[in-house]
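The active site, for ATPase activity annotation in Swiss-Prot covers Glu128 and is backed by sequence analysis. As annotated by Swiss-Prot, active site, for nuclease activity applies to Asp282, Glu354, Asp475, with the evidence given as sequence analysis.
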Amino acid sequence: MHRSDSTMWLKYGLSPPTRSPNAALCAAAATKCASMTRPSCVLDSLTLYSPAWPCLCRYAIFPCRAWAIYVRAGNFILTKFSRFSFCFCVWSPRPPIAAAANHPATSTIVARSQGLRGQDFNFLFVDEANFIKPGAMHTIMGFLNQTNCKLFFVSSTNTGQSSTSLLYNLKGSSNSLLNVVTYICDDHLPEVQQRQNVTTCSCYVLQKPVYVTMDHSVRNTAELFVKDSFMNEIAGGQVGNTLSARSVIASRAMDQFLVYRPSTSNSPNVHNLSRVLTAYIDPAFTANRSASGTGIALVTELNGATVLLGMEHFYLEALTGEAAAEIAQCANLCVAYTCLLHPGVFREVRVAVEGNSSQDSATAIALRLADLLAPLQKRLGFSLVFAHTRQHGSSVAHPFYLLNKQKSRAFDLFISRFNSGNIMASQELVSNTVLLGNDPCEYLVEQIKNLEIVITSGDANRVYSGKQGGKLADDVLVAVVMAAYLSFEGAPPAGYHTVSGAVCRR
């Protein structure tokens, strides 16, 4: 290859191939076709596309507003962008690749598995190995609310099977999932639910904001990932009808939860409280109040029962890089007020920050919260510890909590204890985000009413859903359930440890 070609490969983090006939052929074709006026050709592993000419090849979608050249060498793609170009890339290598062993290629582009929600970025490269399960769709869809978002999905050889790949269904799509921002007011939400090709308010037809860039074909593309993903993850609305759904909470238990609220700041209950306060933070990086928000719950034990002491449902004002700090500040106020209402009671405050959506942001929330609570911690003399998770194959523990299979056990435990009257709310329940407009207990009960169990194939395959009908989000419910679980019997995989600044202390 020429020196300029080698420099271009290194610029994008790829090792220049040595004596690779495919790579040489692609490079030659790229040089030859770059001067064409309206190119649209496929040669071996090279694909060139002209402006506004979407093309489909090997389940790949590359719509561009400007020039984009894709050259494959080994198992990787070199993507050369011109100004103002963007694309949604799904790529599958043509098996077999016999030259891969003789001509290995390395890449620093597709190297990040953690999420970046809540942070400002331009490009996101996702390997299919990180999202072949439908549960990861909720994380991917969260990126679509950011206006300067470009997603690159690099698929593996599993792309050809729908059972192992979410991207297989995208072969019939005509749009890219880029720059997707939508606005739907409460008055027109039912209309969007009923009409499958509507993505924004009808009242914005004449004066459409510049940030509304979605059309019905993009909504269809989103639905190809997971059914009802547009309404659930972007618009915040309905959930598809289930074949088998059962109510799991007795009305008698909900009435008891609303009526009986013991005082936890007065004698004798204050002396019988556990010395451990457990907080669970379920962060959501979205400003759409019809979709998911951040759920925060604080619980402790009182004579064998779980008592809810604090509850927050927090929404960001805007999608900025300060999302982690704002969520930490909300949690800080809730924990601080709870401790001040029960001075000298708690000897340890345990905090679990869920990291399923974004491990980077969860770590930032934990570190920021530790800094904010440091003065109060010194004044009241309690220890502040955070739930840690150890990555597979690593001895390093990080200050976030990954929610996996224990979610079903947590809901089973919550339902059992709630129906038996062992889940209560304190009269001194702290809430800075819910109390202004609603009774926090009634707010939580409304979410509990939506809780259903969906059984697909026997009791072994059951899924709990709290978004029935799209009436309310289930963020507070999930936070309360997980806080009660961690307080009663659950423990993080790597235990609880203190954090200080940017260094986790074991």
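Just so you know, glycine gets a Cβ as well, placed from its N, Cα and C.
A gap of 12 Å separates the Cα atoms of Asp475 (active site, for nuclease activity) and Glu354 (active site, for nuclease activity).
Of all Cβ atoms in the protein chains displayed, 24 besides its own lie within 10 Å of the Cβ of Asp475 (active site, for nuclease activity).
The least crowded of the active-site residues Asp282, Glu354, judged by other CB atoms within 10 A of its own CB, is Glu354. The distance from the Cα of Asp282 (active site, for nuclease activity) to the Cα of Glu354 (active site, for nuclease activity) comes to 5 Å.
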